[in-house]
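Here is the structure we will look at.
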Amino acid sequence: MTAIRYEFIKTCKQTGARLGRVHTPHGSFDTPTFMPVGTLATVKTMSPEELKAMDSGIILSNTYHLWLRPGHEIIREAGGLHKFMNWDRAILTDSGGFQVFSLSDFRRIEEEGVHFRNHLNGDKLFLSPEKAMEIQNALGSDIMMAFDECPPFPATFEYMKKSVERTSRWAERCLKAHERPQDQGLFGIVQGGEFEELRRQSAKDLVSMDFPGYAVGGLSVGEPKDIMNRVLEFTTPLLPDNKPRYLMGVGSPDSLIDGAIRGIDMFDCVLPTRIARNGTCMTSEGRLVVKNAKFARDFGPLDPNCDCYTCKNYSRAYIRHLMKCDETFGIRLTSYHNLHFLLNLMEQVRQAIREDRLGDFREEFFEQYGFNKPNAKNF
């Protein structure tokens, strides 16, 4: 019995998006879904109870950051990440690869792994497929990710080809080193940049290894949205229908809908909590920056069409006041709202798939949110 099982429910006749359910050792969640990011074993400013109140079935934590602080051995001693952070639903941990490539000024890639400097204190560190598995096995997440190379955008075909080949070899080493396949599902990560030939090669390599799920990596790294959509169009059909598909690092509302239309089941991104900290809110009528002076006497909710805790209880004027005074409660309220907005958006996406009208929903949402306007903002 594998730790992770994907249950297919139906396909949207209008778009081909799929409705499903992922079963894990810590419960099930419906897909397509958005996963809030709890980098350091906490979704910034949110309690586990609040995440449950907004119906989050799975969150993401970060292997690299937890390895550095507090250390995976301490989390193992605590009884694993679920106990450590008091979260009894599913957890996905990334492999640490993206952080090694994005945070460290100094890094040297070898066949064995990656040498780099700790971004906190400059110490020399080494992360390999085996080490990434050891850390994630200690954390005890339900879904763990293979250690991959995260190439920059843009990269040459030659560089990307070598990178894909290395990522495939590393994936094989991850499978061998993974010590808890019965209660932790390991996902392979398809790379290859914008090159269809390399995506095909990467998918073929990984599918032959029979992972319980697959991620599409190397997107949302600065490439235009049309390139991301094009890559998804030729990549997701290469992945098995009976396994979950995860698009890493994507969280803007338009990309969530467009990803679901292209067959993606799972998404994660720090976007909702990151922008909340500077007062930027996603609403049914588009982006709203609550710090702006025009909201000083606005006693209506952030979003008149939202029924979240923030919108039911607090006004734009009050939240603006908190943000201007650097009060933590202001960040909690905007973070709660943004997370609720995306989780609720995914429920609307699932309902549209049930009704075979996701294409129509996309048009309506884009029109209302303002994505169809010239110079539309990303979120």
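In case you wondered, yes, glycine gets a Cβ from its N, Cα and C as well.
According to Swiss-Prot, the active site, proton acceptor annotation covers ASP94. DSSP assigns ASP94 (active site, proton acceptor) to a strand.
Within its own chain, GLY96 (substrate binding site) has ASN62, THR63, TYR64, TRP67, LEU127, ALA132, ILE135, PHE147 as residues 6 or more apart in sequence whose C-beta sits under 8 angstroms from its own. Here Swiss-Prot flags ASP94, SER95, GLY96, GLY97, PHE98, ASP148, GLN191, GLY218 as substrate binding site, drawing on sequence analysis.
Tertiary neighbourhood of the region 'RNA binding' (249-255): same-chain residues 34, 98, 219-221, 225, 228, 267-272, 282, 341-342, 345, 365-366, 369, 371, 378-379, selected by CB-CB distance under 8 Å and a gap of 6+ residues from either end. The region 'RNA binding' feature in Swiss-Prot is assigned to 249-255 (among others); the stated evidence is sequence analysis.
Positions annotated as active site, nucleophile by Swiss-Prot, on the basis of sequence analysis: ASP268. Annotation note: ASP268 (active site, nucleophile) sits in a strand segment as assigned by DSSP. Long-range Cβ contacts of ASP268 (active site, nucleophile) within its own chain (separation 6+, distance under 8 Å): PHE34, MET35, PRO36, VAL37, LEU60, LEU92, TYR246, MET248, GLY249, VAL250, GLY251.
With helix defined as DSSP H, G or I and strand as E or B, the region 'RNA binding' (273-277) counts 4 helix, 0 strand, 1 coil. Annotated region 'RNA binding' per Swiss-Prot: 273-277 (among others), in sequence order, evidence recorded as sequence analysis.
Just so you know, the Cβ of CYS311 (Zn(2+) binding site) picks up 23 other Cβ atoms within 10 Å once every protein chain is counted. According to Swiss-Prot, the feature Zn(2+) binding site maps to CYS306, CYS308, CYS311, HIS337.
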Using Cα positions only, nearest of the binding-site residues to CYS308 (Zn(2+) binding site) (GLY97, PHE98, GLN191): PHE98
Neighbours of ASP94, SER95, GLY96, GLY97, PHE98, ASP148, GLN191, GLY218 excl. site residues, C-beta within 8 Å of centre, substrate: PHE101, MET145, ALA146, PHE147, GLU149, CYS150, ILE189, GLY217, MET248
Nearest recorded site to GLY218 (substrate binding site) by CA-CA distance, among recorded positions ASP94, CYS311, HIS337: ASP94
Count of other CB atoms lying within 10 Å of the CB belonging to GLY218 (substrate binding site): 33
From binding-site residues CYS306, CYS311, HIS337, the one whose Cα lies nearest SER95 (substrate binding site): HIS337
Rounded distance in angstrom between the Cα atoms of GLN191 (substrate binding site) and ASP94 (active site, proton acceptor): 15
Of the binding-site residues listed as CYS306, CYS311, HIS337, the one whose CA lies nearest the CA of PHE98 (substrate binding site): HIS337
